[in-house]
């Protein structure tokens, strides 16, 4: 670079910045130097040459964005392994904002080149975000598209150790990366922690790109919430009477007495060795039974809470039926896994959108793309010889609505009324009603006894993705594309509560056992917990990296599980809002989650055609010192994987007797 070029670069920079006095002083200095023939020799100072070259480029030059990001990327990948994983976290938000800044300045083609050059680095972790970001093609999109507008207005929280933070700032200053420094100051919030770097496996919410900051979420999570079990519930009364004791435990005392008498007789007759062996077996058996009971009681009992909203009165015959189920309930544990009954839909031709199973497993419902809802009665279906599989008989006459054993009639009850695809269905606790939600923005209540539509609930403005009955019936929740969830009662056509706060579609909802709060999962990758009485958000659960597809509340009122599109399941503590344990194992979307009745097991159903059973009690125990030293925080144990032949699992439900029901549509493409 010769002297004249340097002078021109400096003059251009001073004029651009409007430094008139500095420009005059510079001209005077140049004239004096020319007079004294004392030229500036920049060839001996390469740093000065580089600086002047960078200053000569306009600030909105895409080349500067490309150059600074490329250098930052090279530096991060070449850093020490101890700090590399933390420094690499910075690349994605910097990449996003570099791209949007280039678009905002109108350099669309340069923005596309920048995006395509570096997108592969982030494809694995942020594929869905990149698909949305790829649609930002003009400065107006930055304001019109909610995703881009949210990113521009919010800050990214990145957890990083103190030394990594110092390394990052030192590099940016030395390399004079002014553009990257500006992005870091404006759009990144470093949460600096002392000590060693935090690995991603130990901290699933290390990076969160959300609209509200982590600080705001932490503030919301400080709110007090009521959690636990219903006071004076039917289960509590039954438990106080000792009804949950199994038959073997009830007869344990009688068996011991009989064994003692028998041992005495044998000892008197000289059979001491046989009696000693038998007593040892008895002691071992009793010790095993005690160990199982102690394991179940390691977690302290949940508090009892009174309901805040009036609950429906339970009829005497219904109460008797539930008590009968409770008496026959199988106590599940890591050593006692449930039996599984799987219902397979065949010949659906990819038109099945959702399925639901009644609490006792006697009824199965399917929602279809042709706007129909179909309900199968398992008792009647079993009467048909050689046909125990749920079939979608699309070719049958539409007038045949009633199911029956004759081969000339349909094997299901057809409910028609929606004008769009049915996306969700939910049975009432007693199975006498079924709710369905549709793309036509409505929710409909159907009677399984009358085979008729009773009510059409209107309120949402966009498709309703999910509808769920509350555990006690009467109330239900709906989740919609309009980014709201609503609480309804079956006897009112207007919603009782509207919960708004998610930044994208509300995809799924789930009631807690108390009916004091309701959880909603969204495409914005967060789960929110809402107070039913006030309609306010009382918890925000952050950590998922893709949209939430399934939720489940534990019957003991203590925990919540959420599953996402990437196959990750997270177990949350409702009282603190913290993630207890992320569960890795599924390779595709987790469509359904269900807790066993005593909250000891979690079942998960996925599009990877498997049902997995997880040990909840292990994950919720306090961590041992040895585990903390080894850094093993993923303590939730996978007990068993149950593969299907070729059926993605769309629905799971534990009956009151702890039998696990599952359903899905046969996929020939698997």
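Glycine too: its Cβ is placed from the backbone N, Cα and C atoms.
Not measured: the values here are computed from a predicted model.
As annotated by TrEMBL, compositional bias 'Basic and acidic residues' applies to 247-269.
Residues or ranges marked as domain 'TFIID subunit TAF5 NTD2' in TrEMBL: 60-188. Predicted-model confidence for the domain 'TFIID subunit TAF5 NTD2' (60-188) is 85, expressed as mean pLDDT.
What TrEMBL lists as region 'Disordered' is 242-284.
Per TrEMBL, the feature repeat 'WD' maps to 345-378 (among others). Counting residues per DSSP class in helix, strand and coil order gives 1 helix, 20 strand, 13 coil for the repeat 'WD' (345-378).
Same-chain residues lying 6 or more positions outside the repeat 'WD' (415-447) and placing a CB less than 8 Å from one of its CB atoms are 318, 353-360, 362-363, 365-375, 398, 453-458, 460-469, 471-473, 476, 478, 480, 488, 490. Taken from TrEMBL, the feature repeat 'WD' applies to 415-447 (among others).
Note on the repeat 'WD' (457-498): residues 309, 311-312, 420, 423-430, 433, 435-445, 504-511, 513, 515, 518, 520, 522, 530, 532, 535 of its chain, located 6 or more positions outside it, place their CB under 8 angstroms from a CB of the stretch. Sequence annotations record features per position, and here TrEMBL assigns repeat 'WD' to 457-498 (among others).
The repeat 'WD' feature in TrEMBL is assigned to 499-540 (among others).
Sequence annotations record features per position, and here TrEMBL assigns repeat 'WD' to 541-582 (among others). DSSP labels the residues of the repeat 'WD' (541-582) in these numbers: 0 helix, 23 strand, 19 coil.
Beyond the repeat 'WD' (583-624), the same-chain residues lying 6 or more positions past its ends with a Cβ under 8 Å from any Cβ of the stretch are 295-296, 298-299, 329, 331-334, 337-338, 340, 549-556, 558-559, 561-571, 633-654, 656, 658, 660, 662, 664, 667, 670. Residues annotated as repeat 'WD' in TrEMBL: 583-624 (among others).
Long-range contacts of the repeat 'WD' (345-378) within the same chain: residues 325, 389-394, 403, 411-416, 418-427, 429-431, 434, 436, 438, 440, 444, 446, 448, 650-651, 653, 655-656, 659, 661, 663-666, each at least 6 residues beyond the stretch ends and with a Cβ under 8 Å from a Cβ of the stretch. Note: the repeat 'WD' (415-447) comprises 0 helix, 20 strand, 13 coil (DSSP; helix = H, G, I, strand = E, B).
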